[in-house]
Amino acid sequence: QVTLHAGAELDARQVNQYTLILRAACPGEDEVEGRLFVRVTAGHVLRCDSPFASAEGDVVQVLADVAPRTPLYAVLPQPVGGLTVMGQGFLSPSFLQFRLRNHNTPLMLTRRGLVLAPDNGFDPCKDIQTFRLEIEVMDRHGHNCSGAVKVEVLPSRRPCITFPEPHRAVTVTEGIGPWEVVTQVHARGDNVRYAILAPVAPELFIIDEVTGEIRSTRRLEMTRAHLLIRAYNALHPGVHATATVNITVQGTDRQAPRCVPAIFVSQVSEIMSPGSTLVTLRCSDSTSTDGCLHYALEGPPSSLSYFCMEGPQLKVNTTLDYDSEAMAALGFQLTATIVVTVGGQAQQSTRVPVLVTVTPVNEFRPACPNGATFTVPETAAFGSVVGRVAGTDSDYPPDSLEYGLEGGSGPAQPFSIDRRTGEIRVVGPLDSQRQKNYRLVVRVTDMHNDLDLKKRQSRLCDVSVHLQAVPDQLPVCIPEVQELRITAGSPGSRQPVTRLVCHSSPDSAALTYTIVGGNEDGRFRLEGNTLVYLPSDRASPRPFVLLVEVWGGSGGRRRSRVVALVVHVTPRSTPVPTSTTTQHTTLQKEPLVVMQTEAVWHPPAWFVAVLTISGALLLATLGCVARNLLCR
């Protein structure tokens with residue numbers, strides 16, 4: 001099967017026929033050759049020029065002060081365009097369809113392939129603006145091509161005017177007199193002048209055309225004004241910019257009550273009982289008596305439930321439980337607003353913000369975990385985790401506990417505890433034959449549960465640790481008997497012979513190796529589990545029978561096994577191969593040493609004392625009997 005390459009472009013005007021030479025052969029047969037002729041005929045093909053059809057697209061640069069709807073680029077089969085129609089005949093742009101793929105641009109594309117400037121033109125005072133248009137072109141036969149145009153809009157060369165703050169809102173109180181400054185606007189540019197475009201009437205404000213200060217023309221009362229300000233170049237009035245200024249004149253309530261304190265911030269303990277008074281407001285009004293003042297609470301419902309008002313007194317409504325989840329969700333801060341009104345009229349009111357911070361009190365002792373019993377193998381390594389003491393505390397925060405081991409760590413108590421997490425770790429040797437169980441006393445102390453750091457509470461917790469016995473086994477070596485042949489090296493050198501492969505149970509137990517026989521002249525030594533030969537200048541062909549004892553286990557339960565090594569050493573002068581290759585052979589005859597088992601018994605001290613006394617009494621009794629016999 002012959003296919004056309006994916007990136008191939010055929011052009012019948014340049015090459016209208018291709019000759020392909022094909023060769024085929026089967027296994028064991030001669031090769032056969034054939035020819036395939038591919039003829040290319042002219043057809044309707046739509047291609048876009050390389051600048052327009054490239055990945056970057058064609059680039060057009062225009063100034064920002066071009067008129068609206070000015071043609072910027074033409075996607076047409078003309079010298080200025082970005083399209084070429086290849087094939088038989090010529091297609092007019094009226095038979096082409098142009099479609100804009102991306103619509104996030106203010107530029108416009110006409111049906112005849114013209115890219116136009118926006119209806120409102122470009123902002124002449126902005127920096128360089130870049131717009132990218134992705135355009136697809138299709139003819140009436142369905143052939144299409146696509147490309148891109150990047151339009152770079154350059155800033156205008158003429159001076160411009162801009163407002164850093166085009167929209168501004170100003171609030172003032174009533175009572176401002178005539179010609180007082182209300183606010184000021186500022187525009188960037190050269191020879192800037194200011195003018196108010198709207199409103200024309202009533203004329204409540206005027207603007208200084210040089211400084212931009214906006215002043216009142218009369219005494220202001222409650223009103224709202226929306227001013228449209230124009231800034232322009234005095235030498236080029238056509239260069240201008242506009243901004244809006246919203247002015248709100250608020251009325252002053254001369255009858256609002258005055259309260260002391262104007263804001264209430266306090267810190268109270270969580271054990272403050274309901275009904276306690278937090279603050280008593282002292283409010284007065286110039287035109288009313290205190291009997292006409294009304295007090296109410298506003299604020300989030302989650303905080304309001306903790307307060308209540310009784311006249312001018314703010315009181316605690318319910319328990320301030322610092323240890324509850326609801327209090328933690330509030331950040332231990334309660335907020336509210338006391339609204340004081342005259343005769344119940346909202347327009348004559350005063351607001352007193354309230355912020356109360358609840359502080360903790362250490363009320364409860366820590367609690368011990370249930371069933372704190374752990375099991376650890378007696379072969380556990382140093383630093384191994386035995387378990388975790390998880391104490392609890394009803395005070396907030398619940399995890400602020402500190403742990404300590406009574407009596408500390410030592411030979412009688414080979415454990416330690418992490419003061420933050422409560423993890424118990426092994427810090428000494430363990431032997432189930434000497435002691436199978438340990439009783440640890442852990443002190444759990446609460447921290448950061450009271451403002452006074454000295455007010456801490458603690459509890460002693462019993463923890464049991466049971467040692468799990470792990471039986472020791474003899475070391476296992478593979479093979480137990482080896483026959484080796486080596487050629488002696490130069491005197492003074494170090495010549496490795498073999499490496500013993502042994503292991504013990506448990507695998508973590510360390511093994512030691514010792515030559516116990518056959519090394520009378522000291523020609524061999526052990527470096528770990530590697531046997532090394534030390535050549536001499538008077539070496540003679542001879543075999544060495546070495547006995548290596550491998551020890552494993554720990555403490556008083558160490559076990560050993562003996563490995564036999566038969567090493568044949570050939571001097572260098574002997575006509576044998578110079579290779580020092582070591583041959584490993586397992587002997588088929590009886591091994592020199594089969595096994596050696598050593599039993600060790602360590603009696604307790606009391607048993608030795610009793611045995612000694614019993615022996616002495618027995619000897620004294622035998623002496624008395626012998627004397628009586630001799631006397632008779």
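Note that Cβ sites are derived from N, Cα and C of the backbone, with glycine treated the same way.
All TrEMBL annotations are machine predictions without curation.
As recorded in TrEMBL:
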DOMAIN    192-259  domain 'Cadherin'
DOMAIN    260-368  domain 'Cadherin'
DOMAIN    368-477  domain 'Cadherin'
TRANSMEM  605-630  transmembrane segment
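Model confidence over the domain 'Cadherin' (192-259) stands at 86, taken as the mean pLDDT rounded to a whole number. Note: the domain 'Cadherin' (260-368) comprises 12 helix, 54 strand, 43 coil (DSSP; helix = H, G, I, strand = E, B). Residue counts for the domain 'Cadherin' (192-259) under DSSP (helix as H, G, I; strand as E, B; rest coil) come to 0 helix, 38 strand, 30 coil.
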